[in-house]
Amino acid sequence: MITLETVADLRLSVSTWRSAGQRVALVPTMGNLHEGHLDLVRKAKSLADRVVISIFVNPLQFGEGEDFSSYPRTLINDSDKLSSVGADLLFTPPVSEMYHRPQPLQTKVEVPGLSDLFCGASRPGHFVGVATVVCKLFNMAQPDVALFGEKDYQQLMVIRQMVEDLSLPVEIIGLPTVREVDGLARSSRNGYLTDAERSIAPALYRQLQQSVVELKKGKYDLASLERQAKIRLEAEGLRPDYYAIRNADDLAEPTQDDRSLVILAAAYLGKARLIDNIRVDLE
Ligand code: PAF
């Protein structure tokens, strides 16, 4: 695996591959890689001849007072893991290579509507930062296909809409969330949890599963299901941010006829903000 830090070097490698007719996959990450990321790389290898992974802790998607400076940076470890799963190229640009202007003057990509809900409501500007950096990475790496985890369901939808609206020539693939044995979704931020918090954390996924059971039993007072779920999460020691049952395709409030739903949840636990989701097919 080669590691590159500049856009010029990345473009050179990718253009050599592309002119040899090879398909290129991109897996954008912020590092501190876990099994979920490695799954994306394995899948990418099955879809393309060459796999590029980017590790870039993107300042544009962090709000003031968030964890940009303390976000775990574990490059040597990450690089070993990526070599072991057969990645071809690791792109680790410094901030100065990605952004040449102060943040307020940087051209940005905004996906309106979707970006204002849920995580976007709690973290204003977050999805503008995500869409902007992902768009830039697509322009830099020119992938045929790019892969993202479904744990960040809303992020995946924002990226899909950006690709559609801006006619970007890249196929977007989402892969199922990888979980610990007790159900906790793998996340680069799980390391923020103390031992005591770690034992509380799986309550979020348990609650999502319980809501699925209730929906499948025919309970369709969604507002009351959401309210009860939040009360149960609080009783478990979590501080819910949002808990929402939505149409899986557009995140709109479901009608009685909607069969394909998603439950999206976020909750604070100590220094961590856990997010998770579950799909519900009512057929
Ligand atoms: O999901 C992430 O790790 C980040 O939001 C992404 C997509 C790499 C953009 O910085």
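Placed from the backbone N, Cα and C atoms, the Cβ positions cover glycine too.
According to TrEMBL, the protein carries these features:
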- 30-37, 149-152, VAL178, 186-189: ATP binding site (BINDING)
- HIS37: active site, proton donor (ACT_SITE)
- GLN61, GLN155: (R)-pantoate binding site (BINDING)
- GLN61: beta-alanine binding site (BINDING)
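Shown on the structure are the features that TrEMBL records.
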{"residue": "MET30", "record": "ATP binding site", "contacts (Cβ under 8 Å, 6+ apart)": "ILE55, PHE56, VAL57, ASN58, TYR71, SER188"}
{"residue": "LEU33", "record": "ATP binding site", "contacts (Cβ under 8 Å, 6+ apart)": "ILE55, THR74, ASN77, ASP78, LYS81, LEU82, SER188"}
{"residue": "GLY36", "record": "ATP binding site", "contacts (Cβ under 8 Å, 6+ apart)": "GLY149, LYS151, LEU175, THR177, VAL178, ALA185, ARG186, SER187"}
{"residue": "HIS37", "record": "active site, proton donor", "contacts (Cβ under 8 Å, 6+ apart)": "VAL27, THR29, ILE53, LYS81, GLY149"}
{"residue": "GLN61", "record": "(R)-pantoate binding site", "contacts (Cβ under 8 Å, 6+ apart)": "GLY125, HIS126, PHE127, VAL128, GLY129, VAL130, VAL133"}
{"residue": "GLU150", "record": "ATP binding site", "contacts (Cβ under 8 Å, 6+ apart)": "LEU156, GLY174, LEU175, PRO176, THR177, ASN277"}
{"residue": "GLN155", "record": "(R)-pantoate binding site", "contacts (Cβ under 8 Å, 6+ apart)": "CYS119, PHE127, VAL130, PHE148"}
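When the recorded positions MET30, HIS37, GLU150 are checked against ligand 1, MET30 have a Cβ within less than 6 Å of one of its atoms. In the three-state DSSP scheme, VAL178 (ATP binding site) falls into the coil class.
Under DSSP, GLU150 (ATP binding site) is assigned to a helix (H, G or I) in the three-state scheme. Every protein chain shown contributes to the tally, and the Cβ of VAL178 (ATP binding site) ends up with 18 other Cβ atoms within 10 Å. Counted within 10 Å of its Cβ, the other Cβ atoms near SER188 (ATP binding site) come to 19, all protein chains included.
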